[in-house]
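The structure appears right after this line, and notes come after that.
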Amino acid sequence: MASFSLTLATLFIATVLALSPSLAAAATCTSQTFTNNKLYSFCNDLPALNSYLHWAYDPAQSTLSIAFIAPPAKPNGWISWAINPTGTGMVGSQALIAFKDSKGTMTVKTYNVSSYGPVTESKVWYEVKESSAEFLGGVMRLFATIVLPEKGKSTVNHVWQVGPSVTGGVPDKHEFQPGNLNSKGGLDLLRGQSTGGTGGDSRTKKRNIHGILNVVSWGLLFPIGIIIARYLRVFPSADPLWFYLHIFCQVSAYAIGVAGWGTGLKLGSQSKGVQYTVHRNIGIALFSLATVQIFALFLRPKKDHKYRFYWNIYHHGIGYAILVLGIINVFKGLDILKPESKWRHAYIIVIAVLGGIALLLEAFTWMIVLRRKKSSSSTKPYGGFNNGL
């Protein structure tokens, strides 16, 4: 009986696995139909933004009919499909954008996206013979027939996008998440193939590396180094071990932080028009302060030097400034990357644990310092004299 049940279970699992490709295919462009019963020669599931493209191309007339389907970022948002005749990204693209007008009616307008910034309705590189749009079931559909000016051209660079809102009849800027940055590729009009760009994946990897490096450096190693220097040096038995541990943590944090800062600069140069001003400015401040702090190693006077007091003020002040700015910028970075909530929660827990340890050590070291002061005052002769003892 047990073997029979096992056989049934095996057959059931095998059946589900066999059917799963068919079930998955049911959610692809091949199952989509249109209210106007329009038929297209090809369709592709685009690799970003849960979007689809259907098209038919007549090379003799150089006419291209398309149906672009995507959910807008928000119900009152917009969707766009474009051809870029001069490049592979957004700048230079000749866009069709569908959205609701002031009367709530779906409309399609053309835009020559010549730069990053607000767009203005304008003529485009191709002729638009007809266009329309609809919004059903949370999904927008953009229909158009266009005439390509270069006859015989069978491959184009296309860009697609979704946005959250429209203000005064003008589409507002889209988000800059990996899906938005990766929504571009090549389109072979005759073979029915669409290839997604890999630049978004590369940028996503660099963004993740940038985030990890900076969390480890400014967000973890630097606070640990400060805790070691502030609390371990109270114990005579920890001298000079605490100093070497402190130096190791801070120099490692600086080296890793510089690597993270460098990846940030690289990302900025590759993402024109994408600006995170506060995060960038804090990063520049961190790098500058940390560089100055590293020079403190070479300017450190001896303990009995008359300038040691002022050096301590400079060293401690900059150190605590880096500590605060580093943690703030880690959270700014998490807001930008938007990783799974478990990563943010994990960092919060780690920082809370380090903060708790610091509070306990603060109380403990103050107890030791006060006890030492009390002990030294009790052994000091009364009034500075020993009464002959």
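The backbone N, Cα and C atoms fix where each Cβ goes, and this holds for glycine too.
Every protein chain considered, the tally of other Cβ atoms within 10 Å of the Cβ of HIS246 (heme b binding site) stands at 20. Summarising the annotation, TrEMBL assigns heme b binding site to HIS210, HIS246, HIS279, HIS315.
Residues or ranges marked as domain 'DOMON' in TrEMBL: 49-163. With helix defined as DSSP H, G or I and strand as E or B, the domain 'DOMON' (49-163) counts 0 helix, 64 strand, 51 coil.
Sequence annotations record features per position, and here TrEMBL assigns domain 'Cytochrome b561' to 175-370.
Under the heading signal peptide, TrEMBL lists 1-18.
Under 8 Å from some Cβ of the transmembrane segment (211-229) lie the Cβ atoms of residues 242-243, 245-246, 248-250, 252-257, 259-261, 263-264, 283, 286, 319-320, 322-323, 325-327, 329-330, 333-334, 337, 339, 347, 350-351, 354, 357-358, 361, all in the same chain and six or more residues away from its ends. Residues annotated as transmembrane segment in TrEMBL: 211-229 (among others).
As annotated by TrEMBL, transmembrane segment applies to 241-262 (among others).
Per TrEMBL, transmembrane segment is recorded for 282-299 (among others). Sequence-distant neighbours of the transmembrane segment (282-299) (same chain, 6+ residues past either end, Cβ-Cβ under 8 Å): 214, 218, 247, 250-251, 253-254, 257-258, 261, 264, 311, 314-315, 318-319, 321-322, 325-326, 328-329, 332.
The transmembrane segment annotation in TrEMBL covers 311-331 (among others).
Residues 215, 219-220, 223-224, 227, 230-231, 234, 327, 330, 334 of the same chain lie 6 or more positions beyond the ends of the transmembrane segment (346-370) yet place their CB under 8 Å from a CB of it. Marked as transmembrane segment by TrEMBL: 346-370 (among others).
In this model, the domain 'Cytochrome b561' (175-370) carries an average pLDDT of 86.
In this view, the densest Cβ surroundings among the binding-site residues HIS210, HIS279, HIS315 belong to HIS210, judged by other Cβ atoms lying within 10 Å. Outside the transmembrane segment (311-331) by six or more residues, the chain places 214-215, 217-219, 222-223, 226, 279, 282-283, 285-286, 289-290, 292-293, 296, 299-301, 347, 351 with a CB less than 8 A from a CB of the stretch. Comment: heme b site residues HIS210, HIS246, HIS279, HIS315; largest CA to CA distance 27 Å, whole number. For the transmembrane segment (241-262), the residues of the chain that approach it from at least six positions outside its boundaries are 210, 213-214, 216-218, 221-222, 224-225, 228-229, 232-233, 235, 283, 286-287, 290-291, 293-294, 297, judged by C-beta separation under 8 angstroms.
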